[in-house]
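Student: Copying in the features that TrEMBL gives for the protein in this structure:
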type	residues	note
BINDING	Arg78, His79, Gly80, Glu81, Thr82, Glu83, Trp84, Asn85, Arg129	substrate binding site
ACT_SITE	His79	active site, tele-phosphohistidine intermediate
ACT_SITE	Glu154	active site, proton donor/acceptor
Amino acid sequence: MSAVRTQWASRGCLHSPRFSTRSVKIAVCVKFPATIKTLLLEQSFALTRLLNPPHSLSMSFSSSSCMDGSYAEIVVVRHGETEWNADGRIQGHLDVELSEAGKQQAALVADRLSKEPKISAVYSSDLKRALVTAETIAAKCGGLEVITDPDLRERNLGELQGLVFREAAKLSPKAHKAFLSHRTDQDIPGGGESLDHLFQRCTSSLQRIGNKHKGERVVVVSHGGVIRSLYKRACPNGKSGGKVLNTSVNILHLCDEEWTIKSWGDVSHLQQTGYLESGFGGDKTSG
């Protein structure tokens, strides 16, 4: 049986049940009351996918107070891999291009999204690794023009940018200590920003996009640190969303100020390729 992680959203947060080859347990959490018929349909669909999985995937169902047409469905995608990702080198605001592997990842996620419901717009960080990924998606999804927003950039990591992560503690100890600090208001020496600043700018950007595209499905291409902040905004009291892999698909519903996670961490388009586990960042070392 393929490894399958099914997730359910409650209060905007995800919970992962455990599965074995002998039995299947499905946890159901809903944010608002639902009819028995709706619950049975959701359980039936999840069970079918579990017993007949086409490939490994991450999936969830969410329940929201929003009616159809009153929320924006935002598909957040991390950029494809760069050579610096592969080397474990910290990028931050430095403008590093996609590697050949990253270009292939971008083509795979673009092909996947082109076969799903219509995309109305594509937004991206203005850094090349995100922008080229977004342009690949936009070209495959009807030739859309990519709208860039610097507020979707990765966290500015100051003196750490350009360093190999495993050498950072030796080469820039103060910046490395600031980076590992649990204080969210801790700036990083060399012009780096705090987690609070990153959170404020990227969640404000996504809120603006959501307000503009109610009733539509849009793609936003960004970075590991940004996507972790978006998860925290949607699920402030939940567990970590885990490592954000290159070109992973993460879907949010934005209804005014209410954010709900529909699915998270889906890399099913990379299954049976050589590009799934590659790529540095997307976790606490994101940059």
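Cβ from N, Cα, C; glycine included.
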Student: Could you state the whole-number distance in Å separating the C-alpha atoms of Arg78 (substrate binding site) and the residue listed as 'active site, proton donor/acceptor'?
Tutor: 10
Student: Tell me the Cα distance separating Glu154 (active site, proton donor/acceptor) from Arg129 (substrate binding site), rounded to the nearest angstrom.
Tutor: 11
Student: What is the separation, in Å, between the Cα atoms of Trp84 (substrate binding site) and Glu154 (active site, proton donor/acceptor)?
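Tutor: Cα of Trp84 (substrate binding site) to Cα of Glu154 (active site, proton donor/acceptor) measures 14 Å after rounding.
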Student: Consider the recorded positions His79, Gly80, Thr82 and say which one has the Cα lying nearest the Cα of Glu154 (active site, proton donor/acceptor).
Tutor: His79
